[in-house]
Amino acid sequence: MSQDPMDFEWSYWIEWGRERILWLLAGHLLVSQVSRLLVEKYKPWCLMVYGMAACWLLLGIKGFAVILLHATISFAVAQFQLSLLTWLCSLILLSTLRVPAVEEAKKLLCGPKSVIPMLAIGIHWQAKMRDCDALAIGIHCQAKMRDCDTSTKALLNFWVEAGHSSSSHGFEGLLCKLLKQEAFSLKTNLSILIVGIIRIFFWWFLAELMIHLMYIHALYSSAPPLEAASYWALGGLALAQVLFFYVKYLVLYGVPALLLQMDGLKPPALPCCVSLMHSFTKMWRSFDVGLHRFLVRYIYVPMGGSQSSLLGTLFSTALTFAFVSYWHGGQSYLWYWGALNWLGVIVENGVKRILSVSVIQDLI
C-alpha cells in the first residue's frame, strides 16, 4: 500500500533510521551498557569515542568536521563565562545555516544532498544544547566543577548526549548524575529496554497506519479538496494532523529518551496528548518539555519574565517566541506562527489575571 509522501520529516527519519541511525543507536546502547558494567570510570570516554565515530560514519569526514568546528567554537566561547557572548556566538553559528553562500559551501563540502538535512538538524540541536551547556557552565562551574577530571567527564558525556537527544537535558542534572555514582542493575535496565521498545514500536505502527490510510498532508498540499470541504471536515483534518504530529514525536522523542534512561539519566517527559490540551500555555509546557525548560531558564526568566512589569513580561515572552521561530528556520510562516502563539499565550494569561480579580470572581 502506498503512503502519503508529503510529510518530509517522517519519511526522512524513517529512511535514515532503517539504513543507519537505528544501528548506530543500538551500538551506543551496547557500548554504554558494557562500559557501565565493566569500566564505569571510563564510560564518558568510551561514549565520546563511539559518538564521534558514529557521527563520522553518518555524515562523512567533512560533515563531521563541520559539527566538530561548531562544537569547538561554542566550547571556546563558553570559557569566557559571559552569557551575552555565548548567545551571540550561538546565534551567529545558527545563522550560518541560512546564508545561501554557506549552504552552497556545505553542499560542495559534504557531497550527497541527502546528508545536508541531517547535518543541518545536527547543528540545530547542537546549537540548542551548546547554549544550555555554556550558560550552565557559567553559572555552576565555580560551585560544582572544582575537580578537573569530573568536569572533563561531564563535558565529554554531555557532548555524547547532545548527539542523540532530541530534547534538552539540563547540564546541571547531568553533572549531578555524574557526581553521584548509582548502582547499576542489568536486570532493571533490561526490563526498561523491553518495555520501551514495545511502546515505541506501538507508536511507530500507529504512525505508519495513519500515514498509509489518512493522507492528511497530501490533502493539505492541494487547495481544491480544502475549498470543497465543509467546516466540520476541515476541523477533522486539523485534528487528524495534530494527532499525527503527536504520535510522530512520541517516536522521534521516544527513541533518544529511552537511550537516556539506559544511560542512567532522566529524560524530559514525552509530549502530552494534544487532545487533552485546551490552551496555548499548556501546549508549550507539556509538548516539548525539554525545549520549554530551556526557553524559560535561559530566555524568559533572564529577560524579566512574570516578575517584571506588564511591558517587561510582554517583551520577554515576545523574545522567547522570536527565538523559537528563528531556531526552527526563520521562514516567514514561522514568524506568523510564533506571533500567533505569543498572542494566544498573552490573551490566556490576560484573561486569567482579569478573572482572578475579586470583583470579577464575585460577579461570576
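Residue numbering: from 1, along the chain as shown.
Heads up, the Cβ atoms here are built off N, Cα and C, so glycines get one too.
Fair warning: this is a prediction, and the values are worked out from it, not measured in the lab.
Taken from TrEMBL, the feature transmembrane segment covers 20-39 (among others).
TrEMBL lists 46-69 (among others) with the feature transmembrane segment.
Sequence annotations record features per position, and here TrEMBL assigns transmembrane segment to 75-97 (among others).
The feature transmembrane segment is assigned by TrEMBL to 190-211 (among others).
Residues or ranges marked as transmembrane segment by TrEMBL: 231-252 (among others).
Feature annotation from TrEMBL assigns transmembrane segment to 310-328 (among others).
Same-chain residues lying 6 or more positions outside the transmembrane segment (231-252) and placing a CB less than 8 Å from one of its CB atoms are 7, 9-10, 13, 166, 200, 203-204, 206-207, 210-211, 214, 216-217, 219-220, 270-271, 273-275, 287-288. With a cut-off of 8 Å between Cβ atoms, the residues of this chain six or more beyond the transmembrane segment (310-328) that come close are 91, 94, 124, 127-128, 291, 295, 299-300, 303-304, 334-335, 337-339, 341-342, 345-346. When Cβ-Cβ distances below 8 Å are used as the criterion, the transmembrane segment (190-211) is approached by residues 3-4, 7, 10, 29, 240, 243-244, 247-248, 250-251, 254-255, 258, 261-262 of the same chain, each at least six residues removed from its ends.
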